[in-house]
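Student: Here's the feature list from Swiss-Prot:
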ACT_SITE  K99  active site, proton donor/acceptor
BINDING   E21, Y53, I72, E73  substrate binding site
Amino acid sequence: MDKIVLEGCRFYGYHGAFKEEQTLGQIFLVDLELSVDLQAASLSDQLTDTVHYGMVFDSVRQLVEGEKFILIERLAGAICEQLFNEFPPIEAIKVAIKKENPPIAGHYKAVGIELERQR
């Protein structure tokens, strides 16, 4: 299956189980892999034959920056639901969400989740 990839999208949101996360917020890193049939676009060179990744980015940004969830698992699920609703050609989605600075003690690069859904 063909794929559209958005990697390293950075958004500021207020998601998390800790009160600090819900009041102060933090940066969320989002990676998306969208399974889409790109055959027509590869032949036509027409934007109408693909999923516009700029519109995908805006859709995800509105959700991450406009909503508030306790779990990033739920945020990832909401991203999948929204993208399936807004972009019918998407057949499957893989979304990874990472927090670089959650309020937990320890040394790490990031913590996060990865979720895969099919239509």
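A Cβ is built for glycine as well, from the same backbone N, Cα and C atoms used for every other residue.
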Student: How many neighbouring Cβ atoms, not counting its own, are there within 10 Å of the Cβ of Y53 (substrate binding site)?
Tutor: 13
Student: Could you measure between I72 (substrate binding site) and the residue listed as 'active site, proton donor/acceptor' for me? Cα positions, answer in whole angstrom.
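Tutor: Cα-Cα, rounded: 9 Å.
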Student: Please compare the binding-site residues E21, E73 by how many other CB atoms fall within 10 Å of each one's CB, and tell me which has the fewest.
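Tutor: The binding-site residues E21, E73 were compared, and E73 has the fewest Cβ atoms within 10 Å.
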Student: Can you count the other CB atoms that lie within 10 A of the CB of I72 (substrate binding site)?
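Tutor: The answer is 26.
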